[in-house]
């Protein structure tokens, strides 16, 4: 059976067929869909061609093979290939004749195998070149029941070490277990016995339990997948091939691998990077094709750096690795780097691999000679220096010199015949190669000379009064000066010998010219031009002056000036606070227009380099009273009869002397800060305001509304359309009242004081009848109490239809009344005559009175009383609501009422004439004019009682409400 593997060798069983151009692929290929058994002749031909390869590949073609498929291609590979194309074989071989499987065109098998991937162009590219020359390639796969193995191809060890063989396998049949397992050393296949021969290192049969260890061999696998084995120890004679002979039922397989055992331990392999450059981090790898957990080994480096290690034990490879990461320096160039195989158990090195480092770097230089030594010379002496390259990889080019980084000359030697103080500095040499430029360490050349003419440096400059000042004497000299002499205005300052002259607090007296002289070991120098100390100070005695005549009133314009006594440097600007939209017509002068009543104090500052602020000046602005308001003693709603006080308050006033005044609804009331009400009435309600004035002006408060709470009052009944209506019309009676809060509940009563059970403000009568005539009154109440209106009379007269029906009866009644009126007049005249002769006698059980009501004749009123029986709008003159009753007498009485009274049957002793109204005839009413003369007196609401005999005094005309007693 054929397998394909990604190793160093690819073994394929192929046939080379020489075909003519006329031969087609279809004619030369065995059928894919119905593969038949291979003929004996074909099998013998294949055996003859592969006889020499059989020893190495152990591929045996059995005579009794049931299937053999061959794919023929011409000039190009087909899209698919039958058998196991694309599968990478190991170096093992399978026994034929023990399985029966045929390949399908889609890459699957009829028995025991899963579908295989198609043969791709990439698989074709991996075919050996000798398999692709000529026109056709035939790949034959026999006995497709493959065992699959994964393990390293070759294993390495040395005498006395152990070998760890990672291995895994897959049995062709699903869910099968390993039966027999035999480990051979250099196995060979015997065609006669049809079995393998060789040294058996480990043997396990199906009838035995799987033994873990047999001699040197330790089986670490299982019966389904793992076939890992370790051998300890190994010897040189173990070198060769190891064969894994495995069976499972009728399936058999021989898997081979190589074992290479050396006499001495293996040497590691060092893999350096392509290039080593100075200060560039690199990683070197040291590897060894060996690893055995039973014999731990490690790799050690001879250089310091970051080391990481790894051990690989897998079916792909057995490997021990170590990585060294470091930054090579130029001093590593040419040094040896070693990697040792170290036995951790024996604590000794077993082998070693050494390589020489080739570190690329820029030239390294050194100044090897300086004359005179120490590089310190007097001004005018000669100096020489020599430079040498100590290392360079690759080789360097020319050497050049630099002073303080500036190029001087190109030569290994530098000569300075006569030095000056300007030649003092730092010297170095440099060279370059392909990688860059290298420099030597610097050599400082010191030229000695006496101090130069000195100069004075003042810090800070200008100096500020009261602040510290430092003066420094600067003079170039080598060696540096050790002694100094200071001068102020050409006078020596005794005791000042330091380089720096300190003034802790500068005064105006410290101002002036300063100079100094420096001295070193070579002698004194000379005094320079010196420096001027300028002591400056901010403006002194700054004040703010108000130019306006005082006092200042709100809204006035104010002018302020900022003045000072002295300043160094001169004042060049002024500042004011607080900031505002003010104008400065000239420096130091400020104009404030429309000054506010609460203007803040103003301060100014005169500024040169510094600013000096003057004390703040209060403008003391006078203003009219502000914040005038009314403060009531209680809330704005006050019950009637309560005591109440209003107070007029204000927040401020300048001057403080003020006067108060009060107004109600815009009308003046009184003066004073408080307005008091001992017993408040509803008439006191209204809008109140107070005013406060001083010498500057007056301000008033916002109006404050006083609401007086009181029970309903002044109730009256209004009638719409009027108090006289025709029967059948609609009348609305409204109860009008004055109350705070408004009336919340109403009640209505008729002339009989009967509650009408109506609680609204308006009483509606619809339709009206004559029976609705009478007096009505209403009652209103709120939470403070109640009030009641006086009676208002409603008169309902008949309609014309009703008048027509009663006309006859009315006329007859009126004539009867007229006769009676005449008779009453006569009786009255007689009665007056008798009354004048008799005195007043008191003979009664109660009190009686006459009401004499002098009247002036007036136009008829709409609400006057009328008779219910004979009232006609055209005939108003009649006796209305009159009832005449007389006590029993011997003689009839007479009166002067002008209207006859009809005598009734005898009554009781208390019978009297009560509530009678006797009206005289009003002539002018018929003419619809008012007479010019007053109306005669009539008797209203009179009560007639029984009188005695005697002369009565004459009644006075102006007497009203006269009480008569018998």
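Glycine too: its Cβ is placed from the backbone N, Cα and C atoms.
TrEMBL lists 28-59 (among others) with the feature region 'Disordered'.
Under the heading compositional bias 'Basic and acidic residues', TrEMBL lists 41-57.
Among the features that TrEMBL reports, region 'Disordered' is placed at 81-130 (among others).
Taken from TrEMBL, the feature domain 'Ig-like' applies to 268-356 (among others).
Residues annotated as domain 'Ig-like' in TrEMBL: 363-446 (among others). Each residue of the domain 'Ig-like' (363-446) gets a DSSP state, and the totals for helix, strand and coil are 3 helix, 50 strand, 31 coil.
Positions annotated as domain 'Ig-like' by TrEMBL: 451-536 (among others). Taking the domain 'Ig-like' (451-536) as a whole, pLDDT averages 92 in the prediction.
Residues annotated as domain 'Ig-like' in TrEMBL: 539-576 (among others). Outside the domain 'Ig-like' (539-576), and at least 6 residues removed from its termini, the chain residues within Cβ reach (under 8 Å) are 582, 584, 587-597, 602-609, 611-617, 619-624, 696.
Here TrEMBL flags 625-707 (among others) as domain 'Ig-like'.
Sequence annotations record features per position, and here TrEMBL assigns domain 'Ig-like' to 712-795 (among others).
Look at TrEMBL and you will find 807-825 tagged as transmembrane segment.
Note on the domain 'Ig-like' (268-356): DSSP counts are 3 helix, 51 strand, 35 coil.
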